[in-house]
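Feature annotations, courtesy of TrEMBL:
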- 54-306: domain 'G-protein coupled receptors family 1 profile' (DOMAIN)
- 41-63: transmembrane segment (TRANSMEM)
- 75-100: transmembrane segment (TRANSMEM)
- 120-140: transmembrane segment (TRANSMEM)
- 152-175: transmembrane segment (TRANSMEM)
- 195-222: transmembrane segment (TRANSMEM)
- 243-269: transmembrane segment (TRANSMEM)
- 281-307: transmembrane segment (TRANSMEM)
Amino acid sequence: MDSANHTGEADREFDFGDYNENSASSNYTFSMLKMPWKWNLIVMLIMAVYGTIVNLALLMVILSNQHLRTVSNTLVGNLALADTIMFVFSVPSDLVHHFVLNWPDNSFGNFLCKVSGSSWSLAMALSVASLTAVSIERFCSICWNVHAKRYIFILLIVWLFSLSWTVPVLVWSSVVRYGPYLSICHVLPWWHDYVARGFFTAGFVLKYVIPLLVITCCYVGTAITLAQSTPASSVTVRARRRLAIVVLILNISFAICWLPNHAIILHFFYGDIYETYKVSYALFLTFIEIAHVLVYVNSLLNPIVVFTISDAHRKPLVHFVRSRLCRQAPASNRLDRYAEFDQDGIVSETECVDVKT
């Protein structure tokens, strides 16, 4: 479309045939469709509640324990923040997508449209940037014995990368009216298909393909170094291997859960899935919803993996919960039972006992 032909128009004609068939339909983000089934809403709501709690718990553990304020744990906390943003801002906008036929054509609707697109973009960019940064940091620390000290600088790079993908979406997102009864939230410039195609293609390469290649190379190098480490039974080596396993699982989860979402977007721009795979429109909608839910599954799995494998994060959380349930003495009157940590922020095998007050 030519933007000049639409300047100043209050209402625009909407071609449903174009919406269903053309690659430009990705701009419409299915804002006007009511999905024929609702199991995904229930799943997303459950994951949103539980995911917000566990991600905030992980942030609390990292921020409240001095020994966890390492570069790796700071980046893990950044990942938890990204997942929290995903649940708090994206799930409510998804509910609007499902229950409201027309996007609200007012100031609140325009604000919600911008939040919907930008929060999704920010959360994804933060996730992949944090995972890539922690993989590189672990590789440098283990393979080259180079430890990053200025984690503020690393965080700045991660956030600048994330905001570079978020600000354009925040600026472009807007509600456009088509006739008197239909309003749609556009997350990208609706007047230029090539802008949307270039933006999503660059996002797939820079926020998925290249990061996964970098992460794979870093992990292979880290695994080889740890396998050759002696003695294999040392506390430091075991701690580093445990953290390497955490990072590996987080990266595998990201790769698997985000791939269907990228595949759908690329098919919108570069192929006709109906002709290529001879699938029905209803089946394609089902695949879209499954891919969408998988993104939230990834945000839910991240803190669960960390708490399950890492004693350094799980034990402070368990101690905090028990102290609140049992109404024990304040932490200031007790010995820090997790004081023996190595430089990787992993709890040692030394158990400290409490001092009776």
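Cβ atoms are placed via backbone N, Cα and C, with glycine included.
Remark: the transmembrane segment (75-100) contacts the transmembrane segment (152-175), by the rule of 3 or more CB pairs under 8 A. Of the two recorded stretches, the transmembrane segment (195-222) lies close to the transmembrane segment (120-140), with three or more CB pairs under 8 Å once pairs fewer than 6 apart in sequence are set aside. Non-local neighbours of the transmembrane segment (41-63) in the same chain are 69, 73-74, 76-77, 80-81, 83-84, 86-88, 91, 94-95, 98, 293, 296-297, 299-300, 302-304, 306-307, 313, 316-317, 320; each lies 6+ residues outside the stretch with a CB under 8 Å from one of its CB atoms. Among the stretches 120-140, 152-175, 281-307, the one making the largest number of Cβ pairs under 8 Å with the transmembrane segment (243-269) is 281-307. Summed and averaged per residue, pLDDT over the domain 'G-protein coupled receptors family 1 profile' (54-306) gives 85. Counting same-chain residues at least six beyond the ends of the transmembrane segment (281-307), those with a Cβ under 8 angstroms from any Cβ of the stretch are 20, 30, 33, 35-37, 40, 43-44, 47-48, 50-51, 54-55, 57-58, 76, 79-80, 82-83, 86-87, 90-91, 94, 123, 127, 246, 249-250, 253-254, 256-258, 260-261, 263-264, 273-274, 313-314, 317.
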